[in-house]
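Marked as compositional bias 'Pro residues' by TrEMBL: 13-39. For 51-75, the entry in TrEMBL reads compositional bias 'Basic and acidic residues'. Here TrEMBL flags 99-152 as domain 'Pre-mRNA processing factor 4 (PRP4)-like'. As annotated by TrEMBL, region 'Disordered' applies to 1-75. Per TrEMBL, repeat 'WD' is recorded for 273-305, 314-355, 356-397, 398-439, 440-482, 483-524.
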Amino acid sequence: MDEDELQSLTLNPTPPNDPPPPPPPSILPIPPPIAPLPVPRSRTVTAVASDSDREGSLPPPRTDDYEISDESRLARERHEKAVQDLLLKRRAFAMAVPTNDVSVRARLRRLGEPVTLFGEREMERRDRLREIMLKLDSEGQLERLLKAHEEEQQAITAPAEDEGPQVYPFFTEGTQDLLDARMKIAKYSLVRAAARLERARRRRNDPDEDEETESMEVVRQAGELVLECSEIGDDRPLTGCSFSHDGTLLATCAWSGITKIWRMPQVSKQATLKGHTERATDVVFSPVDDILATASADRTAKLWKSDGSLLKSFDGHLDRLGRIAFHPSGKYLGTASFDKTWRLWDIDAGTELLLQEGHSRSVYAVCFHPDGSLAASCGLDSLVRVWDLRTGRSILAMEGHVKPVLGICFSPNGFRLASGAEDNTCRIWDLRKRKCEYTIPAHSNLISQVKYEPQEGYFLATSSFDTKAVVWSAQDFKPIKTLSGHESKVTGLDITADGQHIATVAHDRTIKIWSSRSNGKQKAMDIE
């Protein structure tokens, strides 16, 4: 007997009377352990899990174990807002919006919205309708949209009635003072226009009158302009200048807010006008007497005597002023402002007659027709608008400049208008044809001022920030003379009534007087 068998018998003795053990059952495969369901935690643990249970089951994560930072929350909000905006845009572009402007106006009217806003164009109006429809749809007012659509369909299918086009009044009721002023301007302009036309007919039919020869002589004299005098005008840059109606006085204004009056031709100081609290932007003499007006960035215009005494102050603009101009009658003053309006003032009463809107951006300059019937305005919206002062209507809106227009001037013949802009060009507009007649590539920098020769309009002059002023022929628009001498930006110019002198002012603080040589020769002959 082996030792192993002996040991097994000793450890597991078998009773002698027991039957033999049954054969061992067949071994079945053991299924894999199943992870127990998670049991909520409690303070007392009733059962101890086995090792296999601990390894196969982990407690699920809890949301209160994580903290979301403010940056993550803001990023999530931005993302949600961007997704919402994108969905709204998709929804908006998926909406059926009319493309015809008449239909767009009709739907806006049926929705109770303004048919058009000031300065709004067709595409902008259609986009506004799309936004309104999207807003109504998002607010659950779909029935209102469907009702408007049904009304449109009924209006289309309904038989047309012979009532004629519906006319809506578009005007602002004015005061009695404005009505009286319009009547006076109409009477004044009719007389002036008749005299101008009669003179033109007489000159055309008179065999002794040779307009072409006369214009060539005037242009030749303008080509002989030379620098006669240069004077320091102020401690700060100069912004504008103006001759009196007889050419004996010259007024200049500067950033210091001070306006000075100089005797001509010696350019000796006669008076100093102090009253503005901000920089002065323009100065202009009356066409009938020796009073003058100044404009400033302090939102006011002031009326002065030539001796320096203040007469009136015109307050009302909401932003700084640009250029100003006297009406040819001398009874009214026009002021342009960065509050998008230009205004007409009564000189005698010192009251505001007209507040004229119409530009979508700041208005920079205003000027009047030689007859006094029309006014022109220009501004930062790159438009030149012509207004009928007798009716208040905007009769022309001339588009062509691609940058802000800073200077305008009517020609003495009455049917041309010159404009200078930041696009470095000077455009000549024909009011009879209602279009641009010629474009002068005048300077290498923006044009700050444009002026016609006041007597016959045979030439015009432009000043620019390229430190130069140029004289141009009004017949073929060729350059006649370049006035070079300033060391900085030329901000303004003016021409005497006889066309023999031109004054320019610049940021170099100097006044320069340019005179024709033939004028000097004529004076010498008169002295002899």
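The backbone N, Cα and C atoms fix where each Cβ goes, glycine too.
Automated prediction, rather than curation, is the source of TrEMBL annotations.
Remember, it's a predicted structure, so these values are computed and weren't measured experimentally.
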Task: Structural state census, the repeat 'WD' (398-439) (DSSP three-state) - done: 0 helix, 24 strand, 18 coil
Open item on the list: Given a Cβ distance threshold of under 8 angstroms, which distant residues of the chain, six or more beyond its ends, lie next to the repeat 'WD' (273-305)?
Closed with: 236, 239-245, 249, 251-261, 311-315, 317-326, 328-330, 333, 335, 337, 345, 347, 350, 492
Task: Per-state residue totals over the repeat 'WD' (314-355) - DSSP helix, strand, coil - done: 0 helix, 23 strand, 19 coil
